[in-house]
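> Here's a structure for you.
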Amino acid sequence: MWTLSAQRMRTERDPTAYKWMIDNFTQSWRNFRSGRIWTLITASFSHENIGHILFNGFTFFFMARPVLAMLGSRQFLFLYLGGGLFASVGSMAWNLIVKGRDAASYGASGAIYSVVSFLACVAPTMTFQLYGIIPVPAWLLVTGVFAYDTYSAINDKQRGTDTAGHVAGLLAGAGYYIIARRRRIL
């Protein structure tokens, strides 16, 4: 949808579809302040292009299956949607309070990272395949991603990538793990 709406805006000079996408499928302080609170969730289902959705889908496919088997569909949905919501709110707060800007973003990475970090907490020695070929223990991969994205969020090193949302998603998954252990869901 993003690609089609951007193409329509360029070729036909009609920004209607593109503006509708921004208003309904990106999380931002502007959208939140305007009462479009659903964007805190819908942003997690919006992707820029086919590469973006394929990369997120590939990661989700391999990481979600064991977590779904552990939690069941209801708790998994709570983790995933809660992770997406926490990533959106965390990103919005970081950009507004720390960086002093209203930065819109979208994508499933924050929600997916909540699933990945939850899995790493449950099975820290489980082997993940970095780029599909390099075996890495789950705890090391998640710690590395957390460190890299935190550094990038602080120093604005990844323009175009919502690293603050990634960090918030990772924290959401770890937080869910702590709560699940205390409530004996696991």
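Numbers run from 1 along the shown chain.
Keep in mind that glycine also has a Cβ here, set from the backbone N, Cα and C atoms.
Unlike curated records, TrEMBL annotations are generated automatically.
Quick paste from TrEMBL:
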- 35-182: domain 'Peptidase S54 rhomboid' (DOMAIN)
- 37-64: transmembrane segment (TRANSMEM)
- 76-97: transmembrane segment (TRANSMEM)
- 103-123: transmembrane segment (TRANSMEM)
- 130-151: transmembrane segment (TRANSMEM)
- 163-180: transmembrane segment (TRANSMEM)
> Give the one range among 37-64, 76-97, 163-180 whose Cβ atoms make the most pairs under 8 Å with those of the transmembrane segment (103-123).
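Of the candidates 37-64, 76-97, 163-180, 163-180 scores highest.
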> Apart from its near flanks, which chain residues at least 6 from the ends of the transmembrane segment (163-180) lie with a Cβ under 8 angstroms of it?
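Distant contacts of the transmembrane segment (163-180): 71, 75, 79, 82-84, 86-91, 94-95, 105, 107, 109-122, 142, 145-146, 149-150, 152-153, 157, 186.
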> Reported in the order helix, strand, coil, what are the DSSP residue counts of the domain 'Peptidase S54 rhomboid' (35-182)?
108 helix, 9 strand, 31 coil
> What same-chain residues lie close to the transmembrane segment (76-97): Cβ under 8 Å, and 6 or more beyond its ends?
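Long-range Cβ neighbours of the transmembrane segment (76-97): 27-29, 32, 39-41, 43-44, 64, 67-68, 103, 105, 108-115, 118, 153, 162, 164-169, 171-173, 175-176.
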